[in-house]
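Student: Can you read through this structure? Questions will come right after.
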Amino acid sequence: MLPQKQAEEAIVPTTTTTERDEREVGDGFSLKSFLWHGGSVYDAWFSCASNQVAQVLLTLPYSFSQLGMVSGIIFQVFYGLLGSWTAYLISILYIEYRSRKEKENVNFKNHVIQWFEVLDGLLGPYWKALGLAFNCTFLLLGSVIQLIACASNIYYINDKLDKRTWTYIFGACCATTVFIPSFHNYRIWSFLGLGMTTYTAWYLTIAALVHGQVENVKHSGPNKMVLYFTGATNILYTFGGHAVTVEIMHAMWKPQKFKYIYLIATLYVFTLTLPSASAVYWAFGDQLLDHSNAFSLLPRNAWRDTGVILMLIHQFITFGFACTPLYFVWEKVIGMHDTKSICLRALARLPVVIPIWFLAIIFPFFGPINSAVGALLVSFTVYIIPSLAHMLTFRSASARQKAAEKLPFFIPNWTVMYSVNAFVIVWVLVIGFGFGGWASMSNFIKQVDTFGLFAKCYQCPPKLSPSASNHTSHH
């Protein structure tokens, strides 16, 4: 995994645009470039795989309890493949946009291409607005979920402070991500992040098997339609983590190589999500319906504490992943995107973190919020919009002939391509957005009714000491 010395080749060979500064290329091998400047195929794979499963790993057993074992496994494989397909479409559209722009001699040296700009370049301003609205809202709420997850996890190690206080503390810690300039600089983090999720997944699997089944374990799922579709939508959310696909591609030296990376990352993710979710569900069954965080049921020991701490660090990284594209959008809005100074840019980025912090304190419902975001935002952002955009971009015969990327080997002609895209759109619209939206919103509203907004400590067990009983009485 030595950093590649060559500069990024422009997609259209006639241009000589180099993405990276010549200064960085000339460095050869140095510790800074090894830890900080990542643009190889491996970096992209690590970014995709570590970004795909973070806190969702802990809520998948909860989804299994809603879906039942068989549906849970089928939905994971199905949505994993569906997610890889739309990530592939996004990469094709990115390359199409970039090669068209480079033919017009546009230089992207100090500019990070984002999804909404790809839509704008290929399909015009209305699509730009659509992409921007969905993507930003999704990433904003994605960051909120990471913050809630931090507070939810740390509570299992230290319950002296309630979850809301922990959210204040972690909000301040996550605000430091404003200092990381772009996805090039996540090299060491995504590598560590993947190690952390791998540890946690196998810890969950082994701990559940060692623990064995609880007495009179019941596996009654699926028995309610609302819960069934809520669970399915959380899985849709799990494999819809590619709202940052374009930014990860742009950080590569050869973005053409991205096409199959996402699929390979997903196959690796299956080895983490399938065993852990099945094992925890096998051991605890219906108890999981009231425990959206898998850590809460496992016995407290050093192994679990290690898992909690690693997931905390990983959530910090994922917060950065979800927030970085938002920082870029904000910088472009206020005209600071070309600024060289890291400190100036960090200052300019701070207003992005504040609403995230605030929302995490209002809606601390770890679990149900994932499904709501999945149904209402992920369904459009990463499934419907890319498929529709791909169909519209290549609707004319000349666009299909001039396409920068040819059809993949397993798709014989454009008719098949269009059929697959149409299937994705209809399926996600009806099952994901329709049924999923109805189920997850009714579940979400139920949480608000039960716990109230600004809940001080969501799903915490009541404390036994007399002084604490006043605080927990409203749970």
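Note that Cβ sites are derived from N, Cα and C of the backbone, with glycine treated the same way.
A TrEMBL annotation is a machine prediction, not a hand-curated record.
What you are looking at is a predicted structure, and each value in this text was computed from that prediction instead of being measured.
Residues or ranges marked as domain 'Amino acid transporter transmembrane' by TrEMBL: 37-430. Annotated transmembrane segment per TrEMBL: 73-95, 132-154, 166-184, 191-214, 226-248, 260-284, 308-330, 342-366, 372-394, 415-438, in sequence order.
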Student: Answer yes if the transmembrane segment (226-248) and the transmembrane segment (260-284) have at least three CB pairs under 8 Å among residue pairs 6 or more apart in sequence, and no otherwise.
Tutor: yes
Student: So are the transmembrane segment (372-394) and the transmembrane segment (191-214) touching or not, going by 3+ C-beta pairs under 8 A with a sequence gap of 6 or more?
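Tutor: Checked: the transmembrane segment (372-394) vs the transmembrane segment (191-214), no contact.
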Student: Give residue numbers and ranges for long-range contacts of the transmembrane segment (260-284): same chain, 6 or more residues beyond its ends, CB-CB under 8 A.
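Tutor: For the transmembrane segment (260-284), the sequence-distant neighbours (Cβ-Cβ under 8 Å, at least 6 residues beyond its ends) are 41, 44-45, 48-49, 52-53, 56-57, 60-61, 63-65, 69, 72-73, 76-77, 80-81, 83-84, 87-88, 91, 197-198, 200-202, 204-206, 208-209, 211-214, 217, 219, 238-239, 242, 245, 291, 294, 297-298.
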Student: Which residues of the same chain, at least 6 past either end of the transmembrane segment (342-366), have a Cβ under 8 Å from a Cβ in it?
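Tutor: Same-chain contacts beyond the flanks: 55, 59, 140-141, 143-145, 147-149, 151-152, 163-164, 167-168, 171, 174-175, 178-179, 181, 292-293, 323, 326-327, 330-331, 334, 336, 444, 447-448, 451, 453-455, 458-459.
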Student: Determine which recorded stretch among 73-95, 132-154, 191-214 has the most C-beta pairs below 8 angstroms with the transmembrane segment (166-184).
Tutor: 132-154
Student: Which residues of the same chain, at least 6 past either end of the transmembrane segment (191-214), have a Cβ under 8 Å from a Cβ in it?
Tutor: 46, 49-51, 53-54, 57-58, 61, 272-273, 275-276, 279-280, 282-285, 287, 294, 298-299, 303-304, 306-307, 310-311, 313-314, 317-318
